[in-house]
Amino acid sequence: MKEIIMCYQGEMALKGLNRATFESVLSKSLRWRVKDLGKFQVYKAQSTMYVEPRDEEAEANMEEAYDRVSKVFGLAALSRAAVCDKNIDAIKATAEEYLGPILRNLKTFKVEAKRADKSFPLKSPELCRELGGFLLSKHPHLRVDVHHPDIVVMVEVRDYGAYVHGPKVPGAGGLPVGTSGRAITMLSGGIDSPVAAWYMARRGLALHHIHFASPPYTSQAAQDKVRDLARLIAPYTGNCVLYVVPYTTPQEYIRDNAPDVLFTVLMRRSMMRIANRIAKEIDAKALVTGESLAQVASQTLYALACTDAAQDLPVLRPLIGMDKSEITVVARKIGTFETSILPFEDCCTIFTPPHPKTKPTLAEIEAAEAAMPGLAALEEQAAADVERIRIDMRDQKQEDDLSELEDF
Ligand code: ATP
Ligand code: MG
């Protein structure tokens, strides 16, 4: 029996003339995601992408391939299916072999059929009846329930074969990464920013990340945690680069030369300016942050207006209207939460005054910056000294494997 992954397109299907571009990016992503798991063929027929194992290694890795494909943006749904010849006897035998063991433990079922290949002699209702009757004869304890069945057995008769599968499961949704251009995420070690990156990658943005580190106030462990977070979301975002900016000198300069109550907003503006420089170098068209309205003093509308005015790229804040509890649900779902809550310091939390101003005005911020003539050069130097760390989703796996070995 041959198994295959069927991938159903979501929103992309509505893209009219651009659809071919979206599909080509999607099939590239799919191909790339399963590349190291054996020989897979990825192809499209009748608006569905197929990920088909073509050697034994690929067949043995179907579970992992399925997991990876479920994280590819652009897919509304997917299913693992058994493929067989387009004749009713083969369909019956395949359905029994593939889903029989599951049916044994259920009480009710129904069959749904789709006959995309109109040359197939049985119409969909006839196919349902034939297969349903056959499965009932094999599993006499079962009952047909068309409204609330324990399982829907699906048969799709398409161009290249007949496909038998259980219910489709939701895919990662959104649009294929890269179809909306490129942006840069401001990635801290917190809960919010990896979730923000996930949301924007889901809208088709290819992301690189930037992190500000202030050694010795922030440790190597804190920086490694950010690298780990970037790796954890790489199955969604694809491979990327984490830019680590040595931010100690500009940060100390602001601490020593600006009013305490404005420190955080001044620092955030400074970070945005550096991010802007690096974004322009890599042709990124926006900055992404994990800010959420009024979460902290630097995220009031007044403070955000001041940070927005610091540079000229759009700042995308996908979490702006979300509560922390909602953000946490997503962080758990995408697997970043446990790493995010590891207790390491972030440069945003050092030197913070006890009572930051929640309603700063741009005029007072600009006046404070005018009193820091040395800041621009320090920012330029920090941007020039940036360290580039390559993030590959597969490194995560290797590290896991190593840690398992060390346990023995
Ligand atoms: P998270 O850092 O995930 O938001 P947080 O709430 O502790 O958790 P904030 O201090 O609220 O972080 O920072 C707001 C946003 O600023 C972050 O979401 C992130 O986009 C950006 N940011 C904060 N610190 C850094 C940093 N050290 N490097 C890069 N970006 C940062
Ligand atoms: Mg935050």
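Even glycines carry a Cβ here, placed using N, Cα and C.
The ATP site recorded in TrEMBL comprises MET186, LEU187, HIS211, PHE212, ARG268, GLN299 together with one of GLY178, GLY204, GLY290, namely GLY290.
In the three-state DSSP assignment, the secondary structure recorded for ARG268 (ATP binding site) is helix. Secondary structure at GLN299 (ATP binding site), as computed by DSSP, is helix. Neighbour list (GLY290 (ATP binding site), Cβ cut-off 8 Å, at least 6 residues apart, same chain): MET186, SER188, GLY190, ILE191, ASP192, SER193, PRO194, VAL195, ALA196, ARG317, LEU319, ILE327. Spanning the residues MET186, LEU187, HIS211, PHE212, ARG268, GLY290, GLN299 that the record associates with binding ATP, the maximal Cα-Cα distance equals 19 Å.
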